[in-house]
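The transmembrane segment annotation in TrEMBL covers A:20-45, A:57-76, A:96-118, A:130-149, A:187-211, A:218-240, A:395-415, A:424-447, A:474-497.
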């Protein structure tokens, strides 16, 4: 039974909220682990105690985040089997491998080495401990790789084929799934965004210490590591974001057109709509300010290729729906026992558009009898809501350039040994700590909302992916999960703020603010900054 | 006495930190287990697999009339685990 629209929307909302909560923890783990590697590498190379203290202190904050974040993604897997049973069956053969590897990575590699990181300081040599820290970072990042391979496949389903006997997608090439260009671009863009978030976190906390003129020696070194790592990361995010957009333009033309509110196919190279208010009903963008050539150059990397507009894509999808109907007719025959070569050939020739025919299920149970009006309506459904995508994308990009400014300014003033007087910058950084999370969540929103109406792009409509559950059951589970995750978030904030307030004194080395009044770490910021 | 206290402090701190995290992780694991048993312990697609007949019903509207005869037996449809062996 196809679930009611409200059940599908509730299932989507539950999955979306859970994923967004989960991803509050992930970026900090991804980035902070590498900052620990950098700090500890300097400690191993120079033997300076302050770098060991930095590794241990930021490691504590990493530990809190790791403990709070680990397994929060498991509820997504719970939801696969229960709320998204049909989707789950459809993708099971593809997702089994990456999800199993991710589970192994998270529970064995990461958890083991995180334990060794905390309890191995007195048991391992310096180099051995550094290796452990490196493996923590590598394990965390590789875990993200497998998940993003799975997600990339949903955006660009390669290396798989539909089997009408088992009624699911089956793996034909693991190499194509792993080296899916969308997944690779998504992975590097996502982890680099995590590095930016972690850098801003370290930069922000260090700035707070500098503003309070406490632990300045410790803070200025942490600031330096975060500024350097953050600047490199934010440059990577921008370049890799461009690559991610380019690959999306190659395989998800509708998403790109919706993000850019590109209603009509403009002559090449297409202009970029910097600002405007997309009007979906009238299919135009009001008050648009356009920059000539930019969209064409960014999305096609050429001056002579067009960017197909939404109206043309809609017509293209109408044709694909009609073509998909022939696959649907052949599938019915196959399932009825007619496995003649002619029917198989008909199915094989049209099955890439089967998913488009399935969009008609929203309007009629008899897909083959769909009217022209129903076909046009189904084609209209292939266009996601443009306004939220248009605004979210611009918010994400705008924040990206703000981060570039912050890290560049931080690096510049630090290199000039003139950071302490720039109190405006330090205050801006402290207030900017949450912004990378805003950018990351809006980025995920663009990626996932822009994929609608599909769970697997062009293959399986969202509406057919969901289980026919009771709406009240979904309400209960959603509010229950929200309550659990909100509590976890509050606990994380409490522990983080507690240890940030204590500062490196939490290490009880006797060298930091609140422990002694006679140490260089408590020197005024100006003095330490000029060291 | 003061030196002894100072020496003991890092261990106490490390222990307290580990205790805090262990407590949080244990509570979280209990809550997640409770959530699983309350809402997600009877999945329609255990191990990401379900009966193709159900999927066929969802996709095609209803199982084909002669579903029992071809291309696979209806008796197999109660368990999704066995279908791949027919390929």
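Just so you know, glycine gets a Cβ as well, placed from its N, Cα and C.
Remember, predicted model here, so these are calculated numbers, not experimental data.
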Recorded stretches the transmembrane segment (A:474-497) and the transmembrane segment (A:130-149) touching, at least 3 CB pairs under 8 Å: no
Best-contacting stretch, by C-beta pairs under 8 Å, relative to the transmembrane segment (A:424-447) and drawn from A:20-45, A:130-149, A:187-211, A:218-240, A:395-415: A:187-211
Maximum Cβ pairs under 8 Å to the transmembrane segment (A:57-76) - stretch from the list A:20-45, A:130-149, A:187-211, A:218-240, A:395-415: A:20-45
Please report, as numbers and ranges, the same-chain residues at least 6 past the borders of the transmembrane segment (A:395-415) whose CB is under 8 Å from any CB of it. 196, 199-200, 203, 220, 223-224, 226-228, 230-231, 234-235, 237-238, 241, 422, 425, 428-429, 432, 435-436, 438-439, 442-443, 446, 529
Mind checking which residues reach the transmembrane segment (A:20-45)? Cβ under 8 Å, same chain, six or more beyond either end. 51-52, 54-55, 58-59, 61-62, 65-66, 68-69, 72-73, 75-76, 117, 126-127, 129-130, 133-134, 136-137, 140-141, 144, 191, 193-199, 201-202, 222, 225-226, 229, 233, 436-437, 440-441, 444, 485, 488-489, 492
Contact set of the transmembrane segment (A:218-240) with the rest of its chain, CB cutoff 8 A exclusive, min separation 6+ beyond the ends, reads 31, 34-35, 38-39, 42, 50-51, 53-54, 57-58, 185, 188-189, 192-193, 195-196, 198-203, 205-207, 209-210, 400-401, 403-404, 406-408, 410-411, 414, 419, 503-504, 512, 521, 525, 528-529, 531
